[in-house]
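Everything below concerns the one structure shown next.
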Amino acid sequence: MAVARLAAVAAWVPCRSWGCAAVPFGPHRGLSALLARIPQRAPRWLPACRQKTSLSFLNRPDLPNLAYKKLKGKSPGIIFIPGYLSYMNGTKALAIEEFCKSLGHACIRFDYSGVGSSDGNSEESTLGKWRKDVLSIIDDLADGPQILVGSSLGGWLMLHAAIARPEKVVALLGVATAADTLVTKFNQLPVELKKEVEMKGVWSMPSKYSEEGVYNIQYSFIKEAEHHCLLHSPIPVNCPIRLLHGMKDDIVPWHTSMQVADRVLSTDVDVILRKHSDHRMKEKADIQLLVYTIDDLIDKLSTIVN
């Protein structure tokens with residue numbers, strides 16, 4: 001059994017308030033009603049104030065310790081699963097935590113092994129290892145039912161987590177869900193380039209989101225990821241699923257979310273496309289839609305329970 005230990009780390013972060021965090025949508029609130037009630041303006045940010053946060057570590061025998069931050073609260077809890085080499089302090093993760101705080105719900109955000117504050121070597125990372133990281137967070141830190149929010153590659157992993165822990169994962173929210181995308185993009189390369197990557201052991205994938213202009217992805221990561229592809233067959237996930245995707249996404253085509261929606265067994269699936277949003281979905285309107293979709297899922301699950 002993994003053990004969580006707390007490292008008191010003083011940090012000053014801005015306190016935020018969502019202008020419409022507690023809007024009541026009524027007992028029969030659906031997605032169309034939710035979108036209709038989203039205000040046209042962005043959330044109103046209040047002046048920064050001091051707030052002490054704490055960084056914790058999940059100790060795992062024979063596995064790297066995972067850095068995480070956990071907000072205690074009521075169920076269902078929210079777990080944010082980041083994208084490739086992304087940290088737990090990203091825009092979406094922080095916005096979700098603040099939104100959960102305003103509603104009194106539990107929230108967990110974490111760094112994969114080899115990433116951010118977690119132990120491990122990023123060059124030794126694999127999708128399978130990160131899958132184990134997600135399951136460790138669910139098994140050892142999360143209390144009760146959970147809504148998983150997966151960003152990009154995190155959306156791929158949230159599907160795997162839902163398959164492995166159906167009794168605990170009660171809803172999914174994917175943002176630019178990158179199911180199978182890394183493998184698909186690599187397989188689309190010219191044969192000569194694929195051979196070159198195999199010889200070098202690294203694929204320098206161009207990306208405007210990297211400071212270096214490329215993501216240096218280990219060839220071993222790509223080959224191992226082939227064992228975790230999902231879109232070739234029905235995906236045994238039956239919980240409510242919401243998939244958000246920007247139509248200007250030049251990293252993960254928005255059609256990927258459509259494929260996921262088609263492959264999952266769940267009949268409660270909504271795909272929401274934003275015409276002018278890119279891969280990161282970090283604009284204020286994107287974040288607003290994200291947190292309101294979480295709120296809608298919480299309301300839906302509460303209605304089912306009651």
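Glycine too: its Cβ is placed from the backbone N, Cα and C atoms.
Positions annotated as transit peptide by Swiss-Prot: 1-52.
Swiss-Prot lists 78-177 with the feature domain 'AB hydrolase-1'. Within the domain 'AB hydrolase-1' (78-177), the DSSP-based counts of helix, strand and coil residues read 42 helix, 23 strand, 35 coil.
All protein chains considered, the CB of S152 (active site, charge relay system) has 26 other CB atoms within 10 Å. Summarising the annotation, Swiss-Prot assigns active site, charge relay system to S152 (among others).
Listed in sequence order, A176, S277, D278, H279 are the same-chain residues six or more apart from D249 (active site, charge relay system) with CB atoms under 8 A from its CB. According to Swiss-Prot, the feature active site, charge relay system maps to D249 (among others), an assignment based on similarity to another entry.
Secondary structure at H279 (active site, charge relay system), as computed by DSSP, is coil. Summarising the annotation, Swiss-Prot assigns active site, charge relay system to H279 (among others) and lists similarity to another entry as the type of evidence.
Within 10 Å of the C-beta of H279 (active site, charge relay system) there are 22 other C-beta atoms, taking all protein chains into account.
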